[in-house]
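Accompanying notes for the structure given below.
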């Protein structure tokens, strides 16, 4: 007869054949319980499809947003009649000389441009380049309007359907804009194009996050972002050589994105939020089978989760339509909305001011853009790896490190301008690296917004904070004209708001890493100025418990 082993588990001495031993062993081997539908999603073949689709969605989005880096590139003055202007290092000095020459002669300036931009073709240079910056501002205002409109529409009609509309709009209008005969005509058409771009930008990130396991959100967003596409776009622009061809290529980039979307499922989270639970179950079941993870146990778990959602929807007799004012439903949500909006405003002013004024930097526009994208992408991969492999590195850590780097780089440029000691290569590297690091901030804001706000208003939150972001983009092209009053002023205007951003975000925004996405709105008792007691407090009060405000801890979803 074999000896019976006594094994110690969790402080208990148990026989090897004891039922308690077997239960504890099964408990230790069992995977962690799935608490909600957000935790249910696993990485598989469908996740890979979504990642590929996301890149197809991202490329036309990014190229539209940054087209004016090339389309608005200021030409260089070479000569006017017999007067050479090519020896001037700065366009501002050449323009000042041209003004004196034109006072004495009626010569026609000869222009040269590394890229055949709108400014070059239509003759916008020196003081007239301001009109190109105004065109950029008008286009960015179109983005702002689109983010407001389509964010609400995607919450009402679905992520997939609205993205199909935006890609169709971008395809048609990009192509039409390539035939524009004047800057004003181009601006009018591109305003409409950017209306669709703004809406698409609002929905695209939410669609990805709602289809990704929470542990992979940051890694995927860092691996696939604007950053590597800057390098791709620099190559496309180099081959296109002039703005009409480039815009036509951008138009046709929408076709694979449109086709890919036709094969994608609607976001299960959106279906759940709209109480279309049977459809959500069908979609999740198909995704499970596509992934090869649709085991009987997981399908049973899915049934249980759907049943919980049915009960949750039946217990909440409330209006299912939500609007922008619901972003200020509780005090915490007010803080979140305000601080993230301010953070995006200050970041966009900095980022777009620098990238839309690359003519102020030495070197090739293609190489500068490629370096910009390469630096961004290397930081993206580093940050994504740290977030995935190092549990302690959360959203706030990434934000603090990235913003501290930006503040340092801007300080170097500001001091350099203030002391009038300017090294062209130093200014080039510090300026581009500061602008490139903004990608980490955008990443944090996108993820934190998705993780802090409930599903019902998640897209509304993304739309609202994009108002601030796009307002910053509207203002940004004109920042460098402050140098007419004081050379270091543009960099001071960009530096100080970023310092305030660092302090506010670090103080008031909670860490959201590994937090499940919130599916339901907070209890009415948490509403600002609300006198409504929560269901739990009412129950305790009826039972005779004395629930003091200091000791009563209500469940908060946000």
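Glycine too: its Cβ is placed from the backbone N, Cα and C atoms.
Here TrEMBL flags 49-513 as domain 'Major facilitator superfamily (MFS) profile'. Mean pLDDT across the domain 'Major facilitator superfamily (MFS) profile' (49-513) comes to 87 in this model.
Same-chain residues lying 6+ beyond the ends of the transmembrane segment (40-59) with a Cβ under 8 Å from its Cβ atoms: 34, 163, 167, 200, 204, 208, 211-213, 216, 220, 224-226, 229, 232, 253, 256-257, 260-261, 263-265, 268, 284, 287, 290-293, 298, 301-302, 305. Taken from TrEMBL, the feature transmembrane segment covers 40-59 (among others).
What TrEMBL lists as transmembrane segment is 162-183 (among others).
Listed as Cβ neighbours of the transmembrane segment (189-209) (distance under 8 Å, sequence separation of 6 or more from its ends, same chain) are residues 50, 54, 57-58, 61, 64-65, 135, 138-151, 153-154, 159-160, 162-163, 165-167, 169-170, 173-174, 176-177, 180, 217, 220-221, 267, 446-447, 450, 458-459, 462-463, 466, 470, 517. Look at TrEMBL and you will find 189-209 (among others) tagged as transmembrane segment.
Residues annotated as transmembrane segment in TrEMBL: 216-240 (among others).
The transmembrane segment annotation in TrEMBL covers 246-265 (among others).
Per TrEMBL, the feature transmembrane segment maps to 333-355 (among others). Proximity of distant same-chain residues to the transmembrane segment (333-355), defined by a Cβ-Cβ separation under 8 Å and at least 6 residues beyond the stretch ends, is recorded for 66, 69, 140, 327, 372, 406, 410, 431-432, 434-435, 438, 441-442, 445, 448-449, 452-453, 461, 464-473, 475-477, 479-480, 490, 493-494, 497-498, 500-501, 504-505, 508-509, 522, 528, 558.
Residues annotated as transmembrane segment in TrEMBL: 367-390 (among others).
Marked as transmembrane segment by TrEMBL: 402-420 (among others). Counting only same-chain residues 6+ beyond the ends of the transmembrane segment (402-420), those with a CB under 8 A from a CB of the stretch are 350, 379, 383, 426-427, 430-431, 433-434, 437-438, 440-441, 444, 487-488, 491-492, 494-495, 498-499, 501-502, 505.
Taken from TrEMBL, the feature transmembrane segment applies to 426-448 (among others).
According to TrEMBL, the transmembrane segment annotation covers 460-483 (among others).
Taken from TrEMBL, the feature transmembrane segment covers 489-509 (among others). Long-range neighbours of the transmembrane segment (489-509) within the same chain, counting only residues 6 or more positions beyond its ends whose Cβ lies under 8 Å from a Cβ of the stretch, are 335-336, 339-340, 342-343, 345-347, 349-350, 353, 396, 399-400, 403-404, 406-407, 410-411, 413-414, 417, 448, 452, 479-480, 482-483.
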Cβ contacts the transmembrane segment (162-183)/the transmembrane segment (367-390), at least three under 8 Å, sequence gap 6 or more: no
Winner by Cβ pairs under 8 Å against the transmembrane segment (426-448), considering only 216-240, 246-265, 367-390, 460-483: 367-390
Close approaches to the transmembrane segment (460-483) from elsewhere in its chain (Cβ under 8 angstroms; 6 or more beyond its ends): 130, 133-134, 136-137, 140-141, 143-144, 147-148, 150-152, 155, 198, 201-202, 205-206, 322-324, 326-327, 337, 340-342, 344-353, 356-357, 360, 445-446, 449-450, 452-453, 489-490, 493-494
